[in-house]
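Heads up, the thing below is written out as structure tokens.
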Ligand SMILES: Nc1nc2c(ncn2[C@@H]2O[C@H](COP(=O)(O)OP(=O)(O)OP(=O)(O)O)[C@@H](O)[C@H]2O)c(=O)[nH]1
Ligand SMILES: O=C([O-])CC(=O)C(=O)O
Ligand SMILES: [Mn+2]
């Protein structure tokens, strides 16, 4: 399109915008002047619009429509093989002062970063449509709704954001009506099209920038179309920017699932759990308890915004509308609830394998492995192939209300009272199956020293132990020392009685012969039962140097073939392992320097003394 004609069409798109807000129009206009798209499209969020956009993506080869009988209204997408996960090395927190970003984040001075961004975004949307997506994280009728507007040149992002957040006309109307603050979030895949140039199914750029400006609460993302890099309501807003808002406003934005566990007597407990990416949040959130009479319902599988209620209790809300779950390992035997939700359709799968009858498959979905598949790279695949059929970080993106087990409190803007918090990671050794903290401070210590072997959810080597405080290492939008301090100060005045009990869990410990020490998945309900019985004061525990672990008798192992010796292996506290762990914690804590809260330094000293006395 000639430049004059493009400009005319852009000004039409602006004058026909569904908002009269000068603030929004000026911003959108400015982004269009920089990125130079062919047109601007205002996303209304309707089903008709989604049908149109997904059909366009089918026609252009970005999406494959799945067999409608097996997966209605569902699509598969395949990313560029170099764009398969969050890119932590290219993720920045650009505070004015470097100190406010801290050692866990990449930093660049805002002015210098803006020079970069102005360079890469200049003309980055040429030949494309610029979509404007108004969205809200959490409830539209919350007391203080958290709005955002994402500008993107990726229709895949529009369709995925529609699943993950509440988007469209109602949201824009509410922003207008209340003149509300919104987080401006700008995303470009960084693949402009020259006149006549043909597009590729998954446009992206080798150069990537995932940038957050905490002071003005804005987000710029360039070069990737994938997951947390591109769906900016999720990790970028609901964790990185929200953690900064939470620090200012006195609440907590956390990387946690929220589960409602109901006892045989009908008493409900709400359990939050912070596990690093690909360490079991979605699976626990969709738990199918294996113990008689206990039931579970889901509130959230990834993000938990916690505020203090009027009676001083800590309440949690899930700000998302969809599940963005790791596909491999999600199957009929491990997670039937996810499978039932997925089968209802309305989903986008990314980097899974395709079956011959127009369905999808991934490792662990069914016990039987299909004889022939098309793998995530588009190659023919058989069980003899030596690469996985689905990428290890392949994902299903599915509306959360398709879960049969969704708790009714999911719809309550006040959220639920959190009774327990679990911190968990993936550790082959050292960390017992479950440990209750000695008190609230000791629980924060659990979180601050949380560690896990790295997974495929982020680029880089898999399997190295790294510290991941509160499972927030890649998501704390400010100085990590200030973040630990915020956990401490924001909860200080509320008293142990109002605060949740804290537990450290490890579903991934290995036995001497290399197998898992604990069966995991639905059997994790046994650990949750023990935890709520600890809250009620009815379950026994042994006090160890690292906290309270269950006695063999106190853990309900009915129906499990687990001897006392095997259980002892799962909960063992080994002096040599802990001496080594203490050394590693020291190295980790040294990073904080002056910023380490005194209370955590003290917890560390106390742990050291207890372990040395073993
Ligand atoms: N052995 C074992 N594996 C588990 C258990 N729970 C989850 N997993 C596996 O861990 C992987 C990731 O699980 P998810 O529940 O998707 O992890 P997540 O924390 O939601 O991941 P993100 O969405 O990246 O934040 C899958 O391959 C699961 O099969 C468990 O209890 N035991
Ligand atoms: O953000 C993503 O791409 C997916 C996700 O949930 C995570 O990595 O924790
Ligand atoms: Mn998940």
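Glycine is no exception: its Cβ is also placed from the backbone N, Cα and C atoms.
The active site annotation in TrEMBL covers 279. Residue 279 (active site) has a Cβ environment of 26 other Cβ atoms inside 10 Å.
As annotated by TrEMBL, substrate binding site applies to 86, 226, 227, 228, 277, 393, 394, 395. The Cβ of residue 395 (substrate binding site) has 29 other Cβ atoms within 10 Å, all protein chains considered.
In the three-state DSSP classification, residue 302 (Mn(2+) binding site) falls within coil. Feature annotation from TrEMBL assigns Mn(2+) binding site to 235, 255, 302.
Annotation comment: TrEMBL describes 278, 279, 280, 281, 282, 283, 395, 426, 521, 522, 523, 524 as GTP binding site. Sequence-distant neighbours of residue 521 (GTP binding site) (same chain, 6+ apart, CB under 8 A from its CB) are 283, 287, 288, 334, 335.
Within the model, the domain 'Phosphoenolpyruvate carboxykinase GTP-utilising N-terminal' (26-247) carries an average pLDDT of 98. The domain 'Phosphoenolpyruvate carboxykinase GTP-utilising N-terminal' feature in TrEMBL is assigned to 26-247.
The domain 'Phosphoenolpyruvate carboxykinase C-terminal P-loop' annotation in TrEMBL covers 251-610.
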Requested in this report: Under 6 Å from ligand 1 by C-beta, which of these binding-site residues make it: 86, 226, 228, 394, 395, 523? Sequence order, please.
Outcome: none
Requested in this report: May I ask which of the recorded positions 235, 278, 279, 282, 302 is closest to residue 393 (substrate binding site) if we compare their C-alpha atoms?
Outcome: 278
Query raised in the report: Taking each of 226, 278, 282, 523 in turn, which of these binding-site residues have a Cα lying within 10 angstroms of the Cα of residue 235 (Mn(2+) binding site)?
Result: none
Report task. Compute the mean position of the Cβ atoms of 86, 226, 227, 228, 277, 393, 394, 395, which form the recorded substrate site, and then list in sequence order the other residues of that chain whose Cβ is within 8 Å of it. Result -> 84, 85, 324, 326, 350, 457
Report task. Would you kindly give the Cα-Cα distance separating residue 255 (Mn(2+) binding site) and residue 523 (GTP binding site), rounded to the nearest Å? Result -> 23
Query raised in the report: Quick one: Cα separation, residue 278 (GTP binding site) versus residue 302 (Mn(2+) binding site), in Å?
Result: 10
Report task. Let me know the largest Cα to Cα distance in Å among the substrate-binding residues 86, 226, 227, 228, 277, 393, 394, 395, as an integer. Result -> 15
**Report entry** Output field, Mn(2+) shell: CB within 8 Å of site CB centroid, site 235, 255, 302 dropped
**Finding:** 228, 234, 238, 239, 277, 303, 475
